[in-house]
Every structure is written in C-alpha cells, then in structure tokens.
Ligand SMILES: CC(=O)N[C@H]1[C@@H](OP(=O)(O)OP(=O)(O)OC[C@H]2O[C@@H](n3ccc(=O)[nH]c3=O)[C@H](O)[C@@H]2O)O[C@H](CO)[C@@H](O)[C@@H]1O
Ligand SMILES: C=C(OP(=O)(O)O)C(=O)O
C-alpha cells in the first residue's frame, strides 16, 4: 500500500491551479445518461471517483472517451442493467444512477452506495422523492429496485436539506410528466452546475441555488457541451494549507463567492486574503486568533472543510470550538491529529481545539477530508517525517496533490510500504 510522506515546516509559496469540482463531476457524469446523444464535459478533475464512474457507465453500455480534463459520454446504447454490487459500493455518488436511470428508463436496480463512511449516511429523502414521483421501491438483498410505470411531477418537501436528494430528484423529475417542485432544497453551487447541464440538455429547471426548485418535465433530452465549476473544497484546502504553513499562495481558477464563509473565517483569525476575479491570494501570519466555526449547509462553512480547518485551529493562540451541524460525528481525524500532539476534545457535535505544537507521526486517513487534515498538519511540522496511510481516500478528491504541493515548495512524496 502507498503512503504519503511529508517533511514539513516549509511555508507554501506560489500558485496552484484548482481543477473542476469532484462533487459536480460525479453528478454531471450520471446526469449525461439522461441524454439520447453525446454529452461532453470540460474541466473534469482526474480523480479515482471519476474513474470509477466511467467504469459504471461502461458497464451500463455507454461509450466514454476520457482524455485529460475532457470526457465525452455517448449514452445512446445504454441499458438499465441491475448494478447491485461492485463499483456502486465504491463511491457515494453512485446513488445518482438511481435518479438518472429512473428518469431515462423508468427503472433502476442499484446497490446501496459506498463512499466516505465517517457516520451513517441515510438516503431516505432520495427515496421519498422517487416515491412522490410515482416510483415503487423494494429492497432486494441490499440493492434498491426502483420502478415507475410513469413518472409524474409532484411537490416534494425535503425533511433535511440534502445535496444528493435535491440532485437525484432533479434528475428523475426532468423526465417526469408535469411539474415538480422541491421545497427546502439544498443550495450548493454543485446543484446549480447540474441544473445548468440539464437545461443545456433541454430540461426546464428554474430556481437551482434557492430553496425552491421548479422542474417542468420534458419528453427527451439531448447532448451538449458543459464546463464544470471549480472545486471549492480543493480550493479551500489549499487556502487553509497556505495559512497553516504561514505561506503566500495564489489559489487560481476559483469562484471567490463560493469561498466566502471560509475567507471570512480565515480573516477573523488574522490571515491576510486578497480576492481577484478568479483567484484568491492567501498570506499567512506568524500568529492567529482562536475562532469558533460552525459547519452548515451552503452558504455556511462547508462540512467538507471542517476537518482541514481542525488542523489550522491547532495553530492558534487559544481555544477554538468547531461544530458540525451537517454531520454530527465527522471527527475521525481527531484521534490521528492527537497522535501528532494536537489537544482536541470532542464534545457532542463539537471539537474543542486548544492551540499546541504538532510533531511528526505515523497516521492513517480514514476518509477523504480526514486525509486532507493530516496532510495540512504534516505540512506545518518542522523536523521529522509524517507518514500518512489510507492515501486511496485522499485520491478520491485531490488530483495532482503531490505535484501541486511540490510546486508550492513542500517536500512531499509517495512511498510504497
Ligand atoms: C457526492 C457529494 O456531493 N457529496 C457531498 C454531499 O453528500 P450527500 O449529498 O450525501 O450529503 P447530504 O447533503 O445528502 O447530507 C446532509 C445531511 O442530511 C442527512 N441526510 C441526507 C440524505 C437523506 O436522505 N437523509 C438524511 O438524513 C445526512 O445524513 C447529512 O446529515 O453533501 C455533503 C454535505 O455538504 C458533503 O459532505 C459531501 O461531500
Ligand atoms: C464526503 C465527501 O464525499 P462523498 O460524499 O463522495 O463521500 C467529501 O467530498 O468530503
């Protein structure tokens, strides 16, 4: 197994280019199969989740050509084959095949999803949405069989604000008869990105990015070309790493508006931030104030940046409280950070973090963003080499990580056990 090795203590300096958003890409790829003709996606991130999705589409009979940051998906020969096991279990976003296949064929059999399992992640709101559209759902040995004679538009109120349920319902409802409204919808930028693709394919979706989305079903969808939005979580991770190493980094190809909650929090700590049209410069400072952070749904502070932020909060002068109101138990990185000398106490859905020096250790990434937090911690440590196992989780969300960090002056390499 590969490990990530970091000889830290060097301030990151230079420019890093951010690729397309993982959480958009792995929704846009299944969205493309609602089309009868080819869809081309640009600005695609090169990630293991994208590779797995490519295989899933090929297993269903689609033709996929992927070269660098571009992918052409021709779903004209695709069939709704049962996918109870295998690749569907390897990633969370395989649940989008439910909405996409249901919309295109009126039927889907898909195994329950995998992905980062930092806590139970139910999909009851997805199911509630499909049922409201007229689908019947049965559980067959751990796979959901979803079938509808005819999908009909409906008014759906989500009990919890869910990114996945909002997108999944949009996918199926695009091909339903009549109008669907999703109330209490999630507002994440990735939802707008999916709606933009679907509208370019001929769908009639209004209100994406607000809490009420209106979808007028259409009879057919067609091919188009679409460029994926920048990855705000990857961008945020580099911003936090720049601050933590007291570096000076331009994070390029970002939408600064998407970064507002993080930017404001970093400024509150004393980090200097300069926003440009499509880039953000982060200039670290010798000392930081402790702050309280609440991870919330968008436009609040992203839960996916909560663990990376924990590492930065070990670098302050006081005690910070970091609470996660999206995933109450997303703290698997904490024991690993404590191995590195962090002083953190988890109390309910909060981590109480006291500033303290860290030291190099052998640690294990147990999920994607836990991995990112360990990388940031390792980058700050002067003396010794931090060894991070579980690199496969980090590869789910950070393309060209070693190259990017090396270009910023970090001493980072991969090593086989
Ligand atoms: C592939 C993808 O885009 N993943 C992102 C997506 O995950 P995902 O879409 O799976 O997360 P959701 O927005 O659905 O989850 C938000 C909250 O709602 C709960 N919930 C969700 C659905 C449901 O049917 N029932 C239910 O109770 C979840 O347990 C969680 O507490 O949004 C999360 C929250 O921003 C991010 O951390 C993930 O990176
Ligand atoms: C939790 C994440 O991803 P997923 O939902 O795909 O597991 C993430 O990107 O931090």
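The backbone N, Cα and C atoms fix where each Cβ goes, and this holds for glycine too.
With 121, 122, 123, 124, 125, 304, 326 listed by TrEMBL as binding UDP-N-acetyl-alpha-D-glucosamine, the candidate from 77, 81, 92, 152 annotated for that site turns out to be 92. Close to ligand 2, meaning a Cβ under 6 Å from one of its atoms, are these of the recorded positions 92, 116, 121, 123, 304: 92, 116, 304. In this structure, the CA atom of residue 304 (UDP-N-acetyl-alpha-D-glucosamine binding site) is 11 Å away from the CA atom of residue 23 (phosphoenolpyruvate binding site). The candidate set comprises the binding-site residues 23, 125. Of these, 23 has the most other Cβ atoms within 10 Å. Cα proximity to residue 116 (active site, proton donor) (within 10 Å) is found for the following binding-site residues from 22, 92, 123, 125, 326: 92.
Looking only at Cα atoms, residue 23 (phosphoenolpyruvate binding site) sits nearest to 92 among the binding-site residues 92, 121, 125. Cβ-based crowding with a 10 Å cutoff singles out 304 as the top-ranked of the binding-site residues 124, 304.
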